[in-house]
Amino acid sequence: MSEIYHPPVLLDESISMLKAREGGIFVDATLGGGGHTEAILKANPKNRVIGIDRDEEAIERAIKRLEPYGDRVSIYHANFSQIGEVLEAEGIGEVNGVLFDLGVSHFHLRGERGFTVWKEQPLDMRMDRRQKLTARDVVNELSERELADVIFKYGQERFARKIAREIVRRRKEKPIETTTELAQIVEEVIPKKLWAGRKKHPAIKTFQAIRIFVNKEFEEIEKGIPSAAEFIKSGGRIVVITFHSLEDRLVKNILRSLQGFKVVTKKPIEPSPEEVRENPASRSAKLRAAEREE
Ligand SMILES: C[S@@+](CC[C@H](N)C(=O)[O-])C[C@H]1O[C@@H](n2cnc3c(N)ncnc32)[C@H](O)[C@@H]1O
């Protein structure tokens, strides 16, 4: 797997669902390494892309990668909930499509910000490092009740209350600073017979929950997709790729609720077995899309 680029997930499917070969202006709301953006630019020489990402390292990499495309690309360091401000700054009133490829990137997981349970790193988990709140703050400062609610709501972790209780007990001895310390606490709480010998680390759900909370991921989706919808031309599309069931359910409901749109993916599109073989990180991806009717 490439160390240089985040392998873009459901790439051909995204291009087709965006109708990017037909030409137009597109927003890549989650620019990341720029893989989807580059494919949109290649799909039609007339295409323009406005790329948004909240992670400045992603922005720096994307600027380098997309340099050959000159003024066909504009790049913004922003949250995608700010899509309205971004398009206003560009003087654009309507676009042909907006892509959201949600979640963390390959670079986040390989980086040093504590996104993965598998490496010992400081508990950070911020996608945007201008933000103040870190995973360390969440783990050490939320009340037991708040922590339990976060872990349950965003991780669907049935041991949420016990994990929260143990975190609070342990942080009284000393602050919890690293991914490994947090992962070990979760390991101690969840009965070994439920996870021993399996590939999935027992703390994955807890990590997912804290990451979603730190980055206000669901608030961003709840605001970002309807804001994007306001700029879609008639016949244009919103395409969203999700990576876990909670996120997928949220997106499915938002797409269904958009006034003047019809959902064009009766069932979500999933990666082919070949894609999953080449890029195991794609295995949980689901793509949904909605089209403006009027
Ligand atoms: C899965 S990666 C996108 C990968 C990209 N499609 C590619 O092909 O390289 C998701 C990216 O979205 C960014 N992101 C997540 N939530 C965001 C938000 N609310 N606003 C802006 N960017 C966000 C992350 O920083 C990350 O770089």
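Heads up, residue numbers simply count up from 1 along the chain you see.
Backbone N, Cα and C atoms are what each Cβ position is placed from, and that goes for glycine too.
Look at TrEMBL and you will find GLY34, GLY35, HIS36, ASP53, PHE80, ASP101, HIS108 tagged as S-adenosyl-L-methionine binding site. The region 'Disordered' annotation in TrEMBL covers 269-294.
Structure coloured by features recorded in TrEMBL.
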| residue | record | DSSP (3 states) |
| --- | --- | --- |
| GLY34 | S-adenosyl-L-methionine binding site | coil |
| ASP53 | S-adenosyl-L-methionine binding site | strand |
| PHE80 | S-adenosyl-L-methionine binding site | helix |
| ASP101 | S-adenosyl-L-methionine binding site | strand |
| HIS108 | S-adenosyl-L-methionine binding site | helix |
Practice prompt. Note down the number of other Cβ atoms within 10 Å of the Cβ of PHE80 (S-adenosyl-L-methionine binding site), including every protein chain shown.
Written response: 25
Worksheet item: Just checking: which of the binding-site residues HIS36, ASP101, HIS108 have a C-beta under 6 Å from ligand 1?
Response: HIS36, ASP101
Worksheet item: How many of the residues that make up the region 'Disordered' (269-294) does DSSP mark as helix, as strand and as coil?
Response: 9 helix, 8 strand, 9 coil
Worksheet entry | In the chain carrying ASP53 (S-adenosyl-L-methionine binding site), residues 6 or more apart in sequence that have Cβ under 8 angstroms from it | THR30, LEU31, GLY32, ILE59, ALA62, ILE75, TYR76, HIS77, ALA78
Item to complete: Using all protein chains shown, find which of the binding-site residues GLY35, HIS36, ASP101 scores highest when you count other CB atoms within 10 A of its CB.
Response: HIS36
